[in-house]
Amino acid sequence: KEEYRNFVDGSLFSRVFKTYSVMHTNQTVDFVQQKHGQWTHCNHSQMGMMEAIMSLDQLVDESDPDVDFPNSFHAFQTAEGIRKEHPDKDWFQLVGLIHDVGKILALWDEPQWAVVGDTFPVGCKFQDSIVFRDSTFQDNPDEKNPKYKTEYGIYEPNCGLDKVLMSWGHDEYLYRVMKFNNCAIPEEGLYMIRFHSFYPWHSHGDYTHLCNDKDLQMLPWVKEFNKFDLYTKTTDLPNVDELRPYYQSLIDKYCPGVQQW
């Protein structure tokens, strides 16, 4: 397990560091608000969920130090890991399958630094647990804005993560798509989708001063999901053709038909 999330060295280090450097320079309050205006109306495309998943055959995540194969395989790896340990929770298995589908933004000409990688709040102090915190934020305009440099920044104590602007990426985008299309995944699953990349929160315990009671109740679910998101990444790739019929049945149950993206 210690080999995962190696942000110190390794064969993919330069690619990963470059992605985060550009991300941490450009993810600002203004940028995030602009992306909300651009993408959360879900008027860009129409497609079914399985089509969206399989489109990730074309994507290798440039922020991921662990894998160098298409994201679609990771979707089925995560889902199968959850299915093995939680056979009674089909919605949880589906979340494993679809959690990264928001990365489809990278196939629609969004740069990867605005799609992939760990997420963090904007509009308040950048905490030390953010990846490459010491070396990549020096050119971020919000780092120089006194309004955004305090512990709470533009937020109220315990305002709840729903009121916090997160750095823009695939987590928030897919969450908005799920809500827009009235998908029937329970709240625990929506939290997993929305915050699975928020490592400073679910893995380092930061930003709890912004959380309300609901966030803290959902945190164990996000932590449980993270085990499968992270530790199912292997080069032993699943047989997608064999697995598709089962997962299509889950899609038909929770996210049927064609979605607006």
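For all residues, glycine too, the Cβ spot is worked out from N, Cα and C.
Curation plays no part in TrEMBL annotations; they are all automatic predictions.
These features come from TrEMBL:
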BINDING   ARG5, ASP61, GLU62, SER63, LYS103, GLY117, ASP118, HIS196, SER197  substrate binding site
BINDING   HIS74, HIS99, ASP100, HIS170, HIS196, ASP229  Fe cation binding site
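If you take the Cα of SER197 (substrate binding site) and the Cα of HIS170 (Fe cation binding site), they are about 9 angstrom apart, rounded to a whole number.
The binding-site residues recorded for this entry are HIS74, HIS170, HIS196, ASP229, and the Cα of HIS170 lies nearest to that of LYS103 (substrate binding site). Those same-chain residues not listed among HIS74, HIS99, ASP100, HIS170, HIS196, ASP229 yet with C-beta within 8 angstroms of the centroid of the Fe cation site C-beta atoms are ALA75, THR78, LYS103, ASP171, SER197.
Least packed by the Cβ count within 10 Å, out of the binding-site residues HIS74, LYS103, ASP118, HIS196, SER197, is ASP118.
HIS99 (Fe cation binding site) and ASP118 (substrate binding site) have their C-alpha atoms 14 Å apart, to the nearest angstrom. Of all the Cβ atoms in the protein chains shown, 27 others lie within 10 Å of the Cβ of HIS170 (Fe cation binding site). Between the alpha carbons (Cα) of HIS74 (Fe cation binding site) and ASP118 (substrate binding site) lies a span of roughly 16 Å. It is ASP100 that, of the binding-site residues ASP100, ASP229, has its Cβ surrounded by the most other Cβ atoms within 10 Å. In sequence order, HIS196 are the binding-site residues from ASP100, HIS196, ASP229 with a C-alpha within 10 Å of the C-alpha of ASP118 (substrate binding site).
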